[in-house]
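Noted in TrEMBL for the protein shown:
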type	residues	note
COILED	387-414	coiled coil
COMPBIAS	475-488	compositional bias 'Polar residues'
COMPBIAS	499-521	compositional bias 'Polar residues'
DOMAIN	1-264	domain 'F-BAR'
DOMAIN	380-457	domain 'REM-1'
DOMAIN	534-595	domain 'SH3'
REGION	273-335	region 'Disordered'
REGION	462-529	region 'Disordered'
Amino acid sequence: MSWGSELWDQFDNLEKHTQWGIEFVEKYTKFVKERSEIETSYAKQIRNLSKKYQPKKNSREEEESKYTFCRAFLTSLNELNDYAGQHEVIAENLTSQIISELSRYMQELKAERKSHFHDGRKAQQHIESSWKQLESCKRRFERDCKEADRAQQYFEKMDADINVTKADVEKARQQAQMRHQMAADSKSDYSSYLQKFNQEQNDHYYTIIPNIFQKLQDMEEKRIERIGVCMKTFADVDRQVLPIVGKCLDEMTKAAESIEPKTDSKQVVESYKSGFEPPGDVEFEDYGQPMKRTASDTSLSNPREGKEKPTGKTKGKLWPFIKNKNKSPKQHKEPLSHRLNDFMTSKPKMHCLRSLRRGITLNSHVRNLIEGSGPEDFSHLPPEQRRKKLQGKLDELNKDIQKEMDQRDALTKMKDVYVKNPQMGDPASVDPRLLEIGQNIEKLQFEVQKFEGWLAEVEERMPSKSDTHRRSGIYETQNNTTVSNNCAQDRESPDGSYTEEQNSETQVKANTHPIPTSSTPEFDDEFDDEETLPTIGTCKALYPFEGHNEGTISVAEGELLYVIEEDKGDGWTRVRRNEDEEGYVPTSYVEVFLETNAKDS
């Protein structure tokens, strides 16, 4: 149905309706904008949540990364971060595909509506003006007819009166004729203008107004169609990211299914295995022949040695946690009866409570194993754990040496370029850095030799699987990391070999020897930054650079890159090609154009 034929007399109502349509578009645009803000806020909260639970860079988190369930959780956090990115994509698409488009369309819609109603008002004013002119012609014709009738009546009256002169009668007759002529002219004007008005009125209501209303109808239908398209886009924006969201969820599920309890249990053994073996059987002591009794090799202590040596703090029971180049010291032994008497006369409950109150000193060697504190040679650790730590340290040192050698190779190539092309730079400027790298390599090689010696010492002293006879002192030392043995050993034993204070003393001594970190150059530390560095300028590659070494980036001649860090005097400039690809290039290989604010700062 057409608005022009059906709503020809509803100009004002159509004006209100089309205004309401524009207001609806504005309301829908506001709705989409608020939805976009919600998506942005949600994505930000999800990212913050993922970042909050990301493992921090310390030894404890590195230990946890060995377990499958910890790695699965880390994978889930990374996928959750990607999941948040998809909600950011939704917000961006809503803004670009709906909000921006509707904002431009509303301006066009308002201008078009204004133009159509301007034409409608102009046509309405024209027909109203024609109607007024028609009314004016009609009134003039009516007035002239009345004047002609009065003039005719006056002439007839004068003609019938015998007392009126012939001249007066003639004058009255001429006046009547003139009035009749004026009436006839008015009638003719009125008739012609009436015909003209009817034609204009017909054009107005059957041509002009229907055309204007038809344009308004088309405009309104386009507006409704545009709203429908936007609503469809609103749903499609969500649907477009569903495959990626589903992939993120699939990866989370895959990470959860990758958890292996048996592997984690095995990892616990690998992490805490000391390398010691359980003690052998305790031999029977025949008290029926006291004069002939001799201390067995596997008894807990030797009473004769206990009498010869004064009671006090000794380091015999802590031999697995101290450095000894020869062999483990022999433990003092005492009869089983002494241990039983001591156990019966002691108050283990009170000592257990005191030990719990002093819990900060318990499990010291386990805490040192986790936190990484202790002597440089890891002598505070059990043999197996010490071997693993030394091997890991050797691997780190070898990696550092390789990095230094890569830097030396890069600087050597740069020096060769300077030698061949003196205009690019002074070859002597590279020598200080080469000397520094050479010194670093010598230090690292010295560290490697030192740790290799300690590792060889540990491997020589590692017990073989065939050994079935162990000293009882090892058994006691191995168990001093549990709360129960601390409770029993909190009191002084008959031979005075162990107290809780000794454990605290050992802990203090271990903590006074922190493990020194290997000296790594600033070049490699720069890649530990978590946040993306801002762009401070641009650069153009003057020569091609392959960038095979770690931390460098390959560039082609004439390539434009973004500068994110200036040369700090080491001959390297940090650049970025895109968000995921950045690294160092020789400063002499590029021409740098820094931004004004970067130069000022």
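Cβ atoms here come from the backbone N, Cα and C positions, even for glycine.
Note: TrEMBL annotation is automatic and uncurated.
What you are looking at is a predicted structure, and each value in this text was computed from that prediction instead of being measured.
Sequence-remote contacts of a segment are chain residues at least 6 beyond its ends whose Cβ falls under 8 Å from one of its Cβ atoms, and for the coiled coil (387-414) they are 270, 275, 377-378, 381, 425, 430, 433-434, 437-438, 440-441, 444-445, 447-448, 451-452, 454-455, 458-459, 462, 518-521, 523-524, 549-550, 552, 571, 586, 588. For the domain 'SH3' (534-595), the DSSP-based tally of helix, strand and coil residues reads 3 helix, 32 strand, 27 coil. Sorting each residue of the domain 'REM-1' (380-457) by its DSSP state yields 72 helix, 0 strand, 6 coil.
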